[in-house]
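A quick write-up on the structure given underneath.
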Amino acid sequence: MALSAAIVLAAGEGTRMRSNKPKVLHAFAGKTFLNRVMDSVAVLNPDTLAVVVHFQAERVAEAARSYDEQVTIVNQDDIPGTGRAVQCAMAQLTEAGKVDGPVLIAASDMPLLDSETLHRLVEFHTASGNGATVLTTILDDPTGYGRIIRDREGNVLRIVEQKDANRSELAVQEVNTSVYVFEASVLTEAIAGLKSNNAQGEFYLTDALETAKAAGKVGAFAAPDPLTVEGVNDRVQLAALSKTYNRRVCERWMRDGVTILDPETTWIEDDVQIGRDATILPGSFLQGHTVVGEDAIVGPYTTLIDTTVDEGAVVERSRVQESHIGARTNIGPWTYLRPGNEFGEDAKAGAFVEMKKAHIGNGTKVPHLSYVGDAQLGDHTNIGGGTITANYDGVHKNSTTIGSGCHVGAGNLFVAPVEVGNNVTTGAGSVVRHAVPSDTMVYSENTQHNVEGWKPAWER
């Protein structure tokens with residue numbers, strides 16, 4: 001099964017999204033609509049992958065190139081319609097000598113369009129000897145979709161858009177999904193005769209099927225799962241499709257041995273991995289390339305972004321970005337871990353702790369009310385509440401190193417850059433500005449002054 005070219009239509013604005021950015025750049029389960037469709041199309045390994053752009057063309061083109069540097073960008077002119085988009089694409093590809101064989105055409109507003117459905121569509125097209133094949137589906141409510149009109153023998157006659165359909169045509173439940181396979185020669189001939197004499201005043205690609213009948217057989221392949229070809233036109237549809245899909249994702253993980261107490265409030269993106277016997281509690285969001293190990297507990301009300309949580313760890317009511325949580329380590333509640341943290345095993349970051357680029361050793365605990373940034377903490381060290389590593393001098397971030405076996409008193413301030421050795425004890429309220437050797441106790445001599453008979457200003 002060789003595809004000469006794949007054309008992804010991404011030129012539209014998507015006005016019903018009411019957005020300042022193109023519809024194709026909205027996110028679904030962690031990826032843009034455009035990238036999700038490009039993902040599925042790329043699996044078929046077409047000789048050429050082209051993306052047609054128009055509205056905010058540079059922005060969409062940049063998104064496409066960030067996915068695939070070799071993608072061919074086609075700029076659609078101001079003549080509207082999907083038919084015109086394909087005319088522009090075929091003209092550019094033909095001039096470059098990049099098209100001779102089956103051509104896949106797909107809209108970019110179907111975030112669940114999958115490679116398996118596309119593979120079966122192309123196989124059906126080739127096996128049937130069709131000049132053109134349209135991917136269809138059956139909907140209980142086909143409102144808004146182009147209807148597939150067949151003859152008495154079941155052959156595809158044409159596709160009628162919603163605004164151009166008569167009463168009997170509107171009753172048809174088989175609809176066009178805006179995904180097609182054409183033989184290049186048939187497509188070239190079919191799009192040459194497109195006209196804009198319709199309610200929208202656009203060049204419809206659907207009209208090309210009628211012309212294609214004269215050049216080759218036209219067929220239809222029904223998508224096995226209607227969800228894979230469901231389009232998104234507004235944010236209401238986006239929310240509904242996201243919820244349906246997320247429920248499927250949660251069910252898949254539950255069948256694979258993961259406990260999810262409330263799938264309705266648990267959101268898991270596609271690239272997340274979860275180990276057996278892990279538990280995900282309500283209100284949790286697992287995003288990006290997050291990995292949750294076996295027997296780990298996440299939640300409730302926790303967000304993990306590109307984070308690895310090893311086996312047996314617990315992350316409760318916290319937000320964690322680009323960090324690694326070691327085995328049996330406890331995070332939370334109300335902990336904020338910014339990017340770059342590395343926790344050993346059996347460690348702890350407790351309530352109202354913020355960390356950034358911190359290396360926390362095995363068994364080391366930062367129980368509460370502390371900021372640890374650009375710091376290395378050894379093994380089995382305890383950090384008292386209210387401790388701050390002052391890492392920023394106004395220009396540069398500086399590092400704090402605290403060794404193993406240390407006991408840091410409450411309310412300590414470490415003015416970086418500073419190094420503290422192993423087995424060091426610091427007194428409460430200490431300000432540590434200079435290096436401290438191992439096996440040392442350090443404290444700041446802050447003199448307490450009592451002013452007797454004092455009255456606050458408002459009582460004087």
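Quick reminder: no glycine exception, Cβ is built from N, Cα and C everywhere.
If you take the C-beta of H368 (active site, proton acceptor) and look for same-chain residues 6 or more apart in sequence within under 8 angstroms, you find G350, A351, F352, V353, G385. Per Swiss-Prot, the feature active site, proton acceptor maps to H368; the stated evidence is sequence analysis.
In the three-state DSSP assignment, the secondary structure recorded for K23 (UDP-N-acetyl-alpha-D-glucosamine binding site) is helix. A simple way to gauge crowding: the CB of K23 (UDP-N-acetyl-alpha-D-glucosamine binding site) has 25 other CB atoms within 10 angstroms, across all the protein chains here. Per Swiss-Prot, the feature UDP-N-acetyl-alpha-D-glucosamine binding site maps to 9-12, K23, Q76, 81-82, G146, E161, N176, N233, R338, K356, Y371, N382.
Using a 10 Å Cβ-Cβ cutoff, N233 (Mg(2+) binding site) registers 14 neighbours. Residues or ranges marked as Mg(2+) binding site by Swiss-Prot: D109, N233.
For Y392 (acetyl-CoA binding site), the Cβ neighbour count at a 10 Å cut-off comes to 12, with all displayed protein chains included. The acetyl-CoA binding site annotation in Swiss-Prot covers N391, Y392, A428.
For 1-235, the entry in Swiss-Prot reads region 'Pyrophosphorylase'.
Swiss-Prot lists 236-256 with the feature region 'Linker', giving sequence analysis as the kind of evidence. With a threshold of 8 Å between CB atoms, the same-chain residues lying at least 6 positions outside the region 'Linker' (236-256) that come near it are 17, 26, 28-29, 111-112, 227, 230, 263-264, 266-268, 270, 274, 276, 280.
Look at Swiss-Prot and you will find 257-460 tagged as region 'N-acetyltransferase', backed by sequence analysis.
Look at the binding-site residues L9, A11, A428 and count other Cβ atoms within 10 Å of each Cβ; A428 has the fewest. You'll find the Cα of K23 (UDP-N-acetyl-alpha-D-glucosamine binding site) roughly 42 Å from the Cα of N391 (acetyl-CoA binding site). Here the Cα atom of N391 (acetyl-CoA binding site) is found 10 Å from that of Y371 (UDP-N-acetyl-alpha-D-glucosamine binding site). As a whole-number mean, the pLDDT of the region 'Pyrophosphorylase' (1-235) in this prediction is 93.
Neighbour counts were taken at the CB atom with a 10 A radius for the binding-site residues G81, G146; the maximum falls on G146. Across the fold, the C-alpha of N176 (UDP-N-acetyl-alpha-D-glucosamine binding site) and the C-alpha of N233 (Mg(2+) binding site) stand 15 Å from each other.
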